[in-house]
């Protein structure tokens, strides 16, 4: 029996190393909390009305809530945006007065027209969030990647299924372009969001967040890829199962020792 349990543990460990595609993506995709880092000033992006925006023009007067994703994302991006819009509505924050809000598209194929369509959709769905005053941005791939890299947002394009794997989260940046705090996930507590904005306004640097990272990536049965949306959950379940099996082995050993 003991040998069988040890074999089960080895099988579980082997299963955790299976699906190398998911393992590689999990390493290359995520959010590095580059707290205290200043974002570049000279990068140029485009607003949803196609006007050009130098990044330093977005900063200076108030903190900025910065989110990365892509507009035609079939997975978590919309959930992330929904969570941000709801939190802004409930927090009492006034876009353009207390805070600037910017969503940066990571897919260079998406342009201002796509960004404008999504902005109109969200303006209608969340009227109290004043989405019309948000910045729905697109840009050249080099510029967007440079901004994401400095912030610590790592993402990867998968050509086989034409999707981007990326993490879900929100950067709270000070008026002086400093990453003040990072909020992970797709739901944001309104009070925590307001407090993070206040901290950024004071140019404070928050403590790193210790939290399970939620990744946005779709499972495609034609390629046999695992969904990165559940990779972390599977890892946690795998560890929990392994610990449970180890505890069972330990209890059986104790019983065997007592009988001896």
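Glycine too: its Cβ is placed from the backbone N, Cα and C atoms.
Segment annotation: TrEMBL labels transmembrane segment over residues 230-250 (candidates 209-229, 230-250). Residue 166 (Cu cation binding site): 28 other CB atoms within 10 A of its CB, across all protein chains.
In this structure, residue 166 (Cu cation binding site) is part of a beta strand by DSSP. Around residue 73 (disulfide bond), a 10 Å sphere centred on its CB holds 21 further CB atoms from the protein chains shown. For the domain 'Thioredoxin' (13-202), the mean pLDDT of the prediction comes to 90.
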